[in-house]
Amino acid sequence: MSSNYRNFRNNVPWLIVLLEAAFIILFYFFVLNSDPSLSRVSYPDFQDVNHMVIFGFGFSLTFLKRYGFSSTGFNLLIIALGVQYSVLIESVLVFFHQSENRDSLKRAVVSMTAVVISTGAVLGKTNPVQLILMTVVEALAFRISGWINTTFLQVVPDNISMMHVHLFGAYFGLAVSSRFSEPSPRSEKNASTPKSDLLSMLGTLFLWVFWPSFNSVLALDSKSRAIYNTYFALAVSAVTAFVLSVLTTKDGKFRMSHIRSAVLAGGVAVGYTAESIEYPWIAMILGLLASGITILGSYRLQRCLNATFKIHDSSGVHVTFGLPGLLGAVAHVILFVI
């Protein structure tokens with residue numbers, strides 16, 4: 001957050017008030033109480049995903065000691081604004097007969113995952129105004145990309161098109177991060193403490209526990225299969241993370257930075273195919289490969305990004321969400337062809 005409090009006070013409150021007033025006015029015209037999508041909301045599913053997005057992502061990014069409030073507080077702010085904005089976008093599209101309105105609230109919370117993933121790439125380099133503007137632009141761009149997937153690529157089901165949230169969030173965040181300079185390696189902005197690392201691991205545990213609900217929240221017919229496959233992919237990726245962490249460190253000890261990233265890789269990779277995989281061993285293989293890609297990528301690829309493309313990825317969203325998301329997309333294509 002900017003050290004100039006006067007500029008912060010003059011910009012942020014009025015921007016938030018302006019957005020909220022616009023949302024209320026537009027909700028009056030476009031969002032109805034009789035909206036059938038609101039009556040189909042399953043609160044247990046919605047609650048799990050909401051916990052995951054707010055608690056999980058909020059605390060998982062607290063590893064930088066100077067930006068604990070930026071991770072938790074600003075995360076809640078952009079989600080609260082972004083969910084309203086996403087529901088409004090969905091309702092406006094319905095009003096103009098360009099799409100069907102189905103589970104708009106759950107879809108809005110899922111779409112906010114892309115925004116919080118992107119926030120991880122720019123953590124410590126942006127102020128609240130920039131984060132809010134990024135949320136507005138990214139939520140609209142994500143919804144347009146999903147509409148293109150379901151309209152022009154008609155073989156892509158609507159629930160599958162929402163699962164590219166990891167890819168979109170990771171690479172949108174990297175694109176935004178390329179416009180900011182990298183902090184000095186010795187700067188306090190890159191430093192962490194045992195307490196901040198512990199809180200970050202707590203957020204990762206929240207994500208790990210609720211990830212099966214995330215992959216199954218939009219499932220149409222095979223919700224139980226999606227939960228089943230996601231859990232086994234997560235379990236294998238967690239075990240693989242501990243094994244590879246020992247093998248890739250010089251002192252032969254566990255590195256929590258490896259484990260924090262790789263335990264979620266299986267859930268990301270299996271997101272596209274969770275409800276279509278018939279045998280759990282396929283999901284387990286995906287979890288193993290995704291965890292390996294994440295740890296080996298964090299071991300080598302991060303240096304290449306910084307040196308070659310001048311992109312500073314604050315929390316490693318590329319190896320945590322981008323590469324496993326690419327693996328999951330390729331696996332979905334292969335399984336679809338087979």
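In case you wondered, yes, glycine gets a Cβ from its N, Cα and C as well.
TrEMBL entries are annotated by machine, without manual review.
Listed in TrEMBL for this protein:
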- 12-31: transmembrane segment (TRANSMEM)
- 38-336: domain 'Ammonium transporter AmtB-like' (DOMAIN)
- 51-69: transmembrane segment (TRANSMEM)
- 76-96: transmembrane segment (TRANSMEM)
- 108-124: transmembrane segment (TRANSMEM)
- 131-148: transmembrane segment (TRANSMEM)
- 198-214: transmembrane segment (TRANSMEM)
- 226-247: transmembrane segment (TRANSMEM)
- 281-299: transmembrane segment (TRANSMEM)
- 319-337: transmembrane segment (TRANSMEM)
Are the transmembrane segment (131-148) and the transmembrane segment (12-31) near each other by the rule of at least 3 C-beta pairs under 8 angstroms (pairs 6 or more apart)?
yes
Can you tell me which parts of the same chain pack against the transmembrane segment (281-299), counting only residues 6+ beyond its ends and a CB-CB cutoff under 8 A?
229-230, 232-238, 240-241, 244-245, 248, 257-258, 261-263, 265-266, 268-270, 273-274, 316, 318-320, 323-324, 327-328, 331, 335
When you scan the chain for residues with a C-beta under 8 Å from the transmembrane segment (226-247), skipping those not six or more beyond its ends, what do you find?
208, 211-213, 215-216, 219, 253-255, 258-259, 261-267, 269-271, 273-275, 277, 280, 282-288, 290-292, 294-296
Sequence-remote contacts (6 or more beyond its ends) of the transmembrane segment (108-124), Cβ cut-off under 8 Å?
46, 49-50, 53, 57-58, 61, 64, 66-67, 70-71, 74-75, 78-79, 82-83, 86-87, 90, 130-131, 134-135, 138-139, 142-143, 146, 162, 165-166, 168-170, 172-174, 176-177, 180, 183, 189-190, 214, 217-218, 313-318, 321
